[in-house]
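The Zn(2+) binding site annotation in Swiss-Prot covers C29, C32, C48, C51, and the record cites sequence analysis as its basis. According to Swiss-Prot, the feature domain 'CoA carboxyltransferase N-terminal' maps to 25-284, an assignment based on sequence analysis. Residues or ranges marked as zinc finger in Swiss-Prot: 29-51.
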Amino acid sequence: MSWFEKILPSIKQVTERKKNVPEGLWTKCPKCESTLYRAEVRRNLEVCPKCDHHMRLGGRDRLEAFFDEGTGVEISAEVTPVDALKFKDIKPYKTRIAQAQKATGEKDSFITMTGKIQGLEVVAGAFEFKFMGGSMGSVMGEKFVRAVNEAIERRCPLIVFSASGGARMQEALFSLMQMAKTSAALGHLRANKLPFISVLTDPTMGGVSASFAMLGDLNIAEPKALIGFAGPRVIEQTVREKLPEGFQRSEFLLEHGAIDRIIHRHNLSDELASICRMLLQKSA
């Protein structure tokens, strides 16, 4: 028997063990490239336990973690997208919607809830980036306006977590109209002297960054979030120059006065509760 035949059984055993490892058990950090136990990363709110890199967090998971346990209640869940333009690119818009709904379990890219943070009542919304890149369409705009109205009715702050590539191409002008619609709604919130806190997460781009996302009484970002209008590659190709290191990242924007603060994901609930109480002049 040759040496290769002697070690062949052990090679087969290792291969069989690898086959028995369930899919999705492990993941890799895109920053430090550490191999991580998936359940541990989920418990840590998609923050790498090795290098503290903030990975993308789903909209529903974000809101459920943000609110005090058991206080979050979804609102406007009945609003669903329609294909008013009968739009078709590579595939029909209806097909894209159905595929995104099946993949994410969400009806559209924006989720709104009422709840409490550290005992303080708030209305909050969050984007699901996995739903067509968190794109802003007519459903998002309608749910945003309803969230504003809910905050006015309850006399409480509005907090929105943005994670979007921008306006939804398949809805054309209906999508672009949401930039004006959401911005106008914030005017009503401001007239009622209620705070709007905008939390910019990775990525916040396009029509979302060019409208309500930058209109917060405080504009707060997570660490290393990509924030801007056009992407850095598009800008480099247009101006034909190399962009500065960290351009469009939250630290760069804070240094240049475009945002107010950077807050670690684990501290958002405590910090925002404190900020909202101060703005509302309420004691803990």
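Note: Cβ is positioned from N, Cα and C throughout, glycine not excepted.
The structure displayed is predicted, hence computed values, not measured ones.
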Mean pLDDT for the zinc finger (29-51), as a whole number? 97
In the structure shown, with every protein chain counted, which of the binding-site residues C48, C51 has the densest set of Cβ atoms within 10 angstroms of its Cβ? C48
Cβ-centroid neighbourhood (8 Å) of the Zn(2+) site, C29, C32, C48, C51 excluded: P30, K31, E33, S34, L36, P49, K50, D52, H53
